[in-house]
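What Swiss-Prot says about this protein:
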BINDING   ASN32, GLY33, ALA34, GLY35, LYS36, SER37, SER38, GLN137  ATP binding site
COILED    181-240  coiled coil
COILED    320-416  coiled coil
DOMAIN    391-489  domain 'Zinc-hook'
BINDING   CYS437, CYS440  Zn(2+) binding site
COILED    450-657  coiled coil
COILED    682-718  coiled coil
Amino acid sequence: MIIREIRLQNFLSHEDTTVKFEGSINVIIGNNGAGKSSIIDGILFGLFKRTNRDIGKNEELIKKGKKSGQVSIKFEINGDTYLIDRNVGETSRDTISLLKEGKIITLARQSTTVNNKIKEILGFDHKILMSTTIIGQGSVESVFSDFPEVMKELLKINKLEMLRESNGPIHSLIKVLTDRIRSLQSIKDILKREEAEIDRLKKEIEEIKVKLENIEREAKEKEDELNQYNTEFNRIKEIKVQYDILSGELSVVNKKIEEIALRLKDFEEKEKRYNKIETEVKELDENREKINTISSFKSILVQIDSLKSQINVVENDLKRKKEKLKRKKELEEKEKQYEEIEKRKKELEEKEKQYEEIEKRLTYVLKNIERQKNEIEKLNYVDTQDLENKIKDVSDRINQIDNELKGLLDRRGDLNGRKEQTLKIYNNLNSIEDDRCPICGRPLDSEHKAKIREEIKVQLLELNKQITALQARINSLIKEREELEATRNKLQLELQKRSKEKGIYEAKLKELQRLEEEKNKLQNEILSLLSYHQEFENIAEKEKELIDYHEEYLKNSDILEEDIQEQEQRLNELNSKLSELEKSYNDYKAKYQFLPADLKSLVSLEERIRRRISELEKLKIEYERLKEEITRMKGLKEEYEKLKEEEDALLNRISELGYSEKRYKQLEEIIDKLSKILSGIEADKGKIKGSLEEKIKNIEEKERNIEELRNKMNEESKLNLGISKLQKLREVLDNKHLQSHIMNIVRNQIENNVNEVIAKFDLSFSAVEIDFVGKSELYVYTASGQKIHINALSGGERISIALALRLAIAKALMNQFSTLILDEPTVNLDEYRRKELIDVIRSAIEIVPQIILVTHDQELIQAGDYIIRVEKKGDTSKVEVSSYDR
């Protein structure tokens with residue numbers, strides 16, 4: 001197996017990394033924690049869904065912050081290229097595919113199926129790979145300590161021990177076969193019972209066959225009897241069909257005869273009624289002509305009455321209009337005066353409007369003047385000068401206090417400074433190391449120090465006295481200032497109040513002055529408009545005198561001479577129409593003597609005739625109906641006679657049939673009884689046949705069972721032979737020499753492989769020997785034939801033999817072994833041993849075609865021909881490929 005490529009997506013620290021292995025020795029190099037070993041974990045995960053990490057769940061392999069991860073690995077074996085896709089966490093999406101001629105052929109899906117397929121293709125599992133060609137960090141030589149357990153696991157010796165145990169699978173299988181032989185004894189008993197049961201069933205079948213023959217004979221007799229009655233019944237049934245048809249036809253004819261007889265019952269009465277109303281109906285047309293004449297005559301009378309009413313209205317209207325025209329002429333002089341007054345009034349309306357507005361404004365101003373005077377009388381003039389002077393005096397005193405306080409505070413600060421300086425001198429007297437006074441320069445003895453202390457105390461008392469006096473003056477001034485500040489605030493509030501009152505007083509005086517000026521202006525304007533106002537009032541008086549004449553004139557103003565002429569012409573036309581209608585009236589009276597002279601009598605006559613017409617129209621409807629019925633009844637009479645003849649003919653045909661309803665029902669009962677008997681016989685026959693078939697089936701089934709039981713009985717000799725062979729196998733496995741034989745075979749093969757490998761390394765050994773006795777020790781032989789334990793070898797030699805042993809085991813167990821993976825092999829190695837390891841790795845390339853080396857050691861780059869650099873950027877591993885020329 002050669003690994004060609006791996007892709008890691010959201011796997012451990014890799015976000016999306018693709019690594020191609022193109023060299024014989026591929027060196028993956030980078031700092032610790034860069035993500036190098038994650039690539040080896042990816043190879044293991046891709047092949048076996050496992051890693052070298054101690055994790056709880058595969059989901060922990062997903063890159064932090066991501067929801068899913070994926071590993072894809074491409075490898076070659078026997079000339080074929082395979083692609084494995086693994087999903088971290090989700091097993092159902094795992095696949096293995098064969099890449100052939102540009103096509104992807106899926107070989108297996110889901111995690112377990114894919115694992116089995118990979119094991120089938122590679123020929124080995126995870127345990128073998130981890131024990132041989134995948135070497136973890138710093139564990140090159142661990143093969144020496146793990147060798148006994150590895151060999152025992154690889155050779156499955158523990159499985160052989162399990163086989164020969166008393167509760168092992170061989171013992172269990174012998175027990176199963178023995179139980180099977182015991183069960184065959186019970187089968188013999190079952191076989192005898194089954195054969196006896198078959199004999200019993202055969203006897204019952206013979207009895208059933210005899211019973212079946214008897215019942216079939218009885219069924220034949222009843223069937224023949226039923227056929228005889230059916231023949232007679234079918235003949236009578238055919239006659240009955242004809243009888244039923246004729247009876248049905250006779251029933252229809254009888255019904256029709258009854259219906260026609262019922263309808264012909266009142267024929268004579270209807271004929272009499274028809275003849276009676278025939279003469280009355282003839283009056284209908286005569287009365288309709290009278291109604292037409294009355295309607296025309298009535299129209300003439302209505303028009304005459306209407307014209308007379310119109311003439312009366314026109315005459316009255318003409319009289320009224322003539323009177324109104326006369327009054328209109330009488331009022332024309334008054335109307336003329338009114339129009340002249342109105343014209344002048346309109347000319348003066350603008351002036352009058354101005355006068356009223358000014359007068360209204362003047363009234364408002366006079367009221368305001370009076371109100372302002374009253375309010376001013378209530379207010380007294382306020383003088384604020386005395387308050388302003390007082391505030392100024394207080395403010396001046398506050399300023400004086402502020403200036404004095406400033407001087408006092410400065411003086412207090414100066415005194416406090418002097419006091420601190422004096423205290424400092426007093427306190428430092430004891431610490432003076434020089435024997436001279438720092439103030440006067442005289443020799444400084446204890447007496448001089450005491451004197452200085454007394455002088456300082458006097459100065460301090462004086463200073464405290466001055467400071468206290470100053471503080472008392474400061475406190476007094478501050479108190480005075482606070483009182484003055486309070487006084488000034490009160491005075492300022494009073495000043496604000498008086499200033500406000502003064503402002504109100506002065507504002508009202510100013511407003512009164514403005515109102516007086518406006519009053520004078522308005523009075524002058526009124527004087528200029530007074531003459532117009534007086535003229536306007538005079539015109540208004542005259543208007544009142546003429547308004548009634550004006551309104552009366554307006555009422556009569558719509559009457560004109562032309563209107564009266566039109567009205568007179570209209571009156572003449574109406575009189576002319578009235579004359580024409582009166583002529584028509586006289587003509588109608590002369591021609592139709594039945595017409596009354598007045599409209600009321602005419603209306604009464606019209607109502608009587610219309611009522612008679614309504615009665616006659618109803619009679620005519622009845623007349624027409626009776627006429628149709630009489631015509632129809634004459635046809636019914638003829639139909640009645642024909643139906644009576646048809647009735648006689650049907651009665652004769654029914655009599656000729658000779659049908660007997662009594663015999664028909666008798667035959668029906670006999671046939672029904674025989675059919676039921678025959679059905680019962682058939683049911684019994686069906687039961688007997690069913691029982692017969694069931695017993696035959698039972699016999700067939702039991703015969704099959706007997707055949708199977710006999711076949712099982714034949715197994716007894718085979719089972720005994722199987723038990724014998726298993727017992728012999730168990731005896732062979734119990735032989736202690738078997739394990740030794742197997743171990744020797746494997747030891748020889750591994751020894752040959754190890755010696756073949758180390759021959760390619762530049763070592764001073766002639767051979768390696770493996771001793772499986774006890775702890776499975778390893779020894780080497782020098783060129784001189786000396787036997788040396790591996791623990792006595794140098795570090796480089798031990799590494800060489802460890803690699804050789806791993807490769808030898810892999811070669812013995814794996815046909816397709818061709819890749820060696822070393823993860824941080826230089827851990828715990830000194831510089832010399834690291835160099836030796838490089839030489840060993842270079843030599844190993846002659847044995848294994850592909851080596852993948854993971855390291856942080858820059859020296860190991862010398863061993864590689866294809867360099868893969870890994871570095872961590874943030875939380876993500878990045879890969880860069882570079883070649884290296886040795």
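Here the Cβ of each residue, glycine as well, is placed from N, Cα and C on the backbone.
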Write out how many residues of the domain 'Zinc-hook' (391-489) are helix, how many strand and how many coil, based on DSSP.
85 helix, 2 strand, 12 coil
Sequence gap of 6 or more, Cβ distance under 8 Å: name the residues on the same chain that satisfy this around ALA34 (ATP binding site), in order along the sequence.
HIS856, VAL870, GLU871, LYS872, SER877
List, in sequence order, the same-chain residues at least six positions removed whose CB sits under 8 Å from that of GLY33 (ATP binding site)?
LYS872
Distance in Å spanning the most remote Cα pair of ASN32, GLY33, ALA34, GLY35, LYS36, SER37, SER38, GLN137, given for ATP
15
Which of ASN32, SER38, GLN137 has the fewest nearby Cβ atoms, counting only those within 10 Å, among these binding-site residues?
ASN32
List, in sequence order, the residues of the same chain other than ASN32, GLY33, ALA34, GLY35, LYS36, SER37, SER38, GLN137 whose Cβ lies within 8 Å of the centroid of the Cβ atoms of the recorded ATP site.
GLY30, ASN31, VAL854, HIS856, VAL870
DSSP three-state assignment (helix, strand or coil) for SER38 (ATP binding site):
helix
Long-range neighbours only, meaning 6 or more apart in sequence with Cβ under 8 Å: which ones does SER37 (ATP binding site) have?
ASN52, GLN137, ASP823, GLU824, VAL854
Neighbouring CB atoms within 10 angstroms of the CB of GLY35 (ATP binding site), all protein chains considered, total 24
For LYS36 (ATP binding site), the same-chain residues 6+ apart in sequence with C-beta under 8 angstroms from its C-beta are ILE28, ILE29, GLY30, VAL854, THR855, HIS856, VAL870
